[in-house]
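The following features are taken from Swiss-Prot:
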type: DOMAIN; residues: 4-169; note: domain 'EngA-type G 1'
type: BINDING; residues: 10-17, 57-61, 120-123; note: GTP 1 binding site
type: DOMAIN; residues: 177-352; note: domain 'EngA-type G 2'
type: BINDING; residues: 183-190, 230-234, 295-298; note: GTP 2 binding site
type: DOMAIN; residues: 353-438; note: domain 'KH-like'
Amino acid sequence: MPLPIVAIIGRPNVGKSTLANRLAGDQHAIVHDEPGITRDRTYRPGFWQDRDFQIVDTGGLVFDDDTEFLPLIREQSLAALNEASAAIFVVDGQTGPTTGDLEIADWLRQQPVPVLLAVNKCESPELGLIQATQFWELGLGNPYPISGIHGNGTGELLDDLITYLPPPEEITQSDEIKVAIIGRPNVGKSSLLNALLGENRAIVSPISGTTRDAIDTVIQHNEQTYRLIDTAGIRRKKNVEYGAEFFSINRAFKAIRRCDVVLFVIDAIDGVTDQDLKLADRIIEEGRSVVLVINKWDAVDKDSYTIYEYKTNIFSRLYFMEWAPIIFVSAMTGQRVNKILELVNSSTEEHRRRVTTAVINEVLQEAVTWHSPPTTRQGKQGKIYYGTQVSTQPPTIALFVNDPKRFNENYRRYIESQFRKQLGFPGTPIRLLWRGKKVREVEQSANRATKV
């Protein structure tokens, strides 16, 4: 069975994300002074003693306001409770019980999930006991005085929490593929996530920038497990104010770093923008495999040549990503969305691929035969002794040469193009490491690598 889920519920600005960070032992959720920072429900692992579980951090609940996001946040909170084994209701010990707390408590009593009442911001253990007693009136049992920032009282809360979780069972760890959905604001990342999930999991709104956390969702398809990461849209730095959006963009960059494959979402109407080029550079820099997802294809007037023309225009801008598979989709209508995971699988396979040293040196030998290494003005010619793959994700090949400085950028690009031509590696960048090596060292290495 999957890990049990613990939902964290409460009104805005009571410290839900701070407590979630404490339980998860990290700073994953955005914590900022602006109320209502967490809009979607976000998942990450937590543990206590010998028990593992998933923490679900939800948006701030308000029942007396129907503006824009609040009905959507209520839906997200209910969805979190429906999949949870237990819930932690967080209240603010410094303000005392509020009307909002009473409304949430009434609502929670109607849910079939055990609820623990955590009275947050009780920084003093002695004063915290007094602050906590005010919350008996909520009718949810024993209030636990805690400090999400300092950790006071969280041990007792967790001791009781794990008694409500299902008994430990063997959990088979699948070979999970982590997929980050990356793109500028409002290109349809959350709509794409929803289309992949088949449910309304991430908040979708026409307002640019409505996904502010990196949100992990685990799905299975054809016995393969995928972790889908929907991120905040990435804007130009000059358009980003210091605050929650700044941290979200940081989170998106971290999502690129920790994923296996990037679904790089591009707006079919706008085409490849300058900001897309900067994003592409970042993806290459992190060595991630890529699937180019051209979204909003339903909004484009098409004839039999349209896809060819679009591909030509896209790769004229993203010429350094010509190896990336490309798919034209509509997240709104579902057009071709079911083909995306096939491309994710093939790109992941190439990203993890290993090539034998013998094959690498066959490619090098043919490449050098067709185009000799350059010669310096002093008449000294570059020489490639041999190559070998030293790592994967991305595939990285070390080339041992007499002097790396003798190989200009044009020749380095030529060698990379020969590896692409002979070995393929579609969907993933490859890295070439040019390493200087003396003749004597090469001779000593001859027993484990074929010289070119």
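Just so you know, glycine gets a Cβ as well, placed from its N, Cα and C.
Positions of Swiss-Prot features highlighted on the structure.
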residue : record             : DSSP class
GLY10   : GTP 1 binding site : coil
LYS16   : GTP 1 binding site : helix
THR58   : GTP 1 binding site : coil
CYS122  : GTP 1 binding site : coil
GLY183  : GTP 2 binding site : strand
LYS189  : GTP 2 binding site : helix
TRP297  : GTP 2 binding site : helix
Of all the binding-site residues here, THR58, ASN186, which one's CB has the most other CB atoms within 10 A?
THR58
If you compare CA-to-CA distances from THR58 (GTP 1 binding site) to each of the binding-site residues GLY183, ASN186, LYS189, TRP297, which comes out shortest?
LYS189
Taking just the CA atoms, what is the gap between ASN13 (GTP 1 binding site) and ASN186 (GTP 2 binding site) in Å?
27
So what pLDDT does the domain 'KH-like' (353-438) average out to?
91
Per-state residue totals over the domain 'KH-like' (353-438) - DSSP helix, strand, coil:
32 helix, 22 strand, 32 coil
Cα-Cα, whole number of Å: GLY10 (GTP 1 binding site) versus LYS189 (GTP 2 binding site)?
27
What whole-number Å value do you get for the CA-CA distance of CYS122 (GTP 1 binding site) and LYS189 (GTP 2 binding site)?
39
Reported as an integer number of Å, what is the Cα distance between GLY183 (GTP 2 binding site) and LYS16 (GTP 1 binding site)?
28
